[in-house]
Amino acid sequence: MESFLREWRQDALNKAQYESAIFIGDKLLALTNDDQDAFWLAQVHFATGNYTRAQAFLSSQNLISRNPSCRYLAGHCLIKQSRFDEALSVLGDRNPTHLIANGASNKRKTQPRQTRRRDPVAEEEASNRRYEAAMCFLRGICYAKQNAFDRAKECYKDAVRIDVQCFEAFQQLMNNNLLSPDEEWQFLESLDFDAIHVSGDASASQQAAEFTKMLYTTRLSKYRNPAAFETAYDSLSTHYHLASNPDLQLARADLLYTQCRYRDALNITNEILQEDKYNFSVYPVHLACLFELKEKNLLFLIAHDLADSHPEEPCSWLAVGIYYFSIGKIPEARRYFSKASMMDAHFGPAWIGFAHTFAAEGEHDQAISAYSTAARLFMGTHLPQVFLGMQNHALNNMTLAEEFLKTAYGLCKTDPLLLNEMGVVKYHQDKPKEAAQYFTAALKIADDMDSDPSAWLAARTNLGHAFRRLRHFNRALAEFDEVLRQGGKDAAIFSAKGLILMEQNKPEEAVTVLHEALAVNPQDSIATELLNKALEETILQDGAAESEAEDLIEFERMLGQQKHDAAVKVNGGRRTVGRMEKGKGRVRRSRRMTVLEDENDSEEKEDEIEENTQLDRTNKTSKSNMSRFYPHAPYAEDQPLARTILTTHVIVRAITLNTIIATGITTTRQVIPFFRPKSPDALTFFPRLIRSASTGTVAALGVGALMTYGRMRGREEIEWQDRSWRLLENPGQVETDDWTAVGAGAGALIGANAVKGLGMGWRGAVGGLGLGTVGGMLGYMAWRYGVNGGKFSKKGDAL
């Protein structure tokens, strides 16, 4: 009867007919009162989602204390109810490390195993061992939920060490990046795959062990030992015919993504999704490839489909976030990345995407905070540390950037991206030699990984700049040429080449290269500036060549003269020369005359150019001068009387301003009766206006001089000259000063005459001067903007 009921219960379970399985299982347990039958009944309750009923059933039967499988299931029920502390109290907080195999190596011993079947006791021990490993896995889940990641990692590792077939624990270690790439390979080598047993067949056991190890190898980080991955992948694909297996294809796509071969990786993920559209483990790599290839339309379709059909999956909202990130809607992308991370706190791609949104907006502090959280959650991966280094580099905090990158290097020494960033930091620390070593190492590792060369054009460009800083110009040019050959058509590359060619004193070649830079980006300011300098150097070299040619002609003339003198001396002054000699003499004289004529013409032209230049400078100086008194040089560095001009200008403006303030106060007091002077001896309005203007004028002398001294104290002479020259270059300033000077003179005369007999003395002339500057300024504004409409005459005359 028991056998019949067990078969019936199993058949119901196979058909997912849980009510039937519960009905039959309950009757079977009443008949047998066996712990295994009780476990199976609780298992059916667990499968239906009745976790509380399953846990209560196990507790009431006192099965937890005496049966490992029931204790495992009770702990699992509590975890499903998020009662992690109670789950740990049921499972215990210590791992049974005594069950870990003593053998440190997984190499199979040479002697063959005896072909025999296990006895029931051995079978029960093996089963209990597997449940103990599973309970280690559940302890790791509890610790991970409590953010105790170090303890969770140890629990997962012990689970796999006790039972190498506990794939759930191994998967947690890999998916959550709890181990660095080096630690992953060391852990794999420490596992005892020899413990795998196939009943009654030693060769099958050996084959199973090798098969399991190869499967685990494909799950490891692709940054370390890609050759071992290729070996395992080839063996599983050919010998075991798993080439089309989704998990194996996904591992291959992950490797291709690491190698920056995004198109090849996308082809593989597309094949997987064609067979299994909602295989969510594939989507992180698939979405990343679409983003790198800028397939925005496909991202939109996938995100829309996943959000509609599976809104409960974090991967659906990851797809939405990546789509918004690809089209530049950063706030929306951040919202959906955050939603995905809240649905699964250990979903690494969502955390990295969330941090990227802050980095994209230049919010470096918040980006650092988000990357730090990712580094704490996924302590085995080096990428958050790399991104932290990049953010500190963007903040120009090179010391912290170097520390984070060194930490990342300790986790992974074979990532070209990391080595490139370390080189960039060294470059900005003025250590080009070390930077060149890192860039070279990055390119070598990328080549060893069979990575796409076009993905590392930035590293090769950086290497070229490092060689340029080291003055290894030929090597730098070779790197830049390689970048251009591989498709890196960037104006900055051409500009760097042009700079090197100018350093090598090849301005003509530099001009050609810089024209190519401007063809790529006509608005490139660096290329424009370098092109101007290259053209100037080319002109200077042409001038030097012309000078050399003139020297050569002069040398030939002198040589011809010496030959002629020697011939006259040899012939003793006789004039009888042969016909050919006469011809030669005639030709020589003709040539000599031509050279002299050319020289005379050249000198005349030079004199004419110099005269015209001097005339132009004279005209320029005569046309633009401040107040018709100060000379205006053609160039700022030649400007004389710079300190006098600038100080005078500031004082005159201060006089005008102080006069306006002083007269404004006096006028206000006159207009408002309450403030009007009540004394019978008080001056009338105009004399008081003159007096207040004189006070403002005298104060302006001191204020203007102090302002000029305070502003220009410690400045170089060229700065005084530049500011003064620009004042004289501005026709509006010149005209204002002209009108102000005329008004000041007229005002001084009027003021002095107006206050005669009032005992005001010098105040009349000084106050009138101040009022005259205000009147001159107002008159100029009326003339310039009223009469002339704000337009200057073509000749630039002041008046």
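For all residues, glycine too, the Cβ spot is worked out from N, Cα and C.
TrEMBL lists 99-125 (among others) with the feature region 'Disordered'.
The annotation compositional bias 'Basic residues' is assigned in TrEMBL to 106-116.
Regional average pLDDT for the repeat 'TPR' (314-347) in the model is 94. What TrEMBL records for 314-347 (among others) is repeat 'TPR'.
Broken down by DSSP into helix, strand and coil, the repeat 'TPR' (491-524) contains 27 helix, 0 strand, 7 coil. Marked as repeat 'TPR' by TrEMBL: 491-524 (among others).
Residues or ranges marked as region 'Disordered' by TrEMBL: 580-626 (among others).
Per TrEMBL, the feature compositional bias 'Acidic residues' maps to 596-613.
Same-chain neighbours of the repeat 'TPR' (314-347): 144, 175-176, 280, 283-284, 287-288, 290-291, 294, 296, 299-300, 302-303, 306-307, 353-354, 356-358, 360-361, 377, counting only residues six or more beyond its ends whose CB sits under 8 Å from a CB of the stretch.
Helix first, then strand, then coil: DSSP counts for the repeat 'TPR' (314-347) stand at 27 helix, 0 strand, 7 coil.
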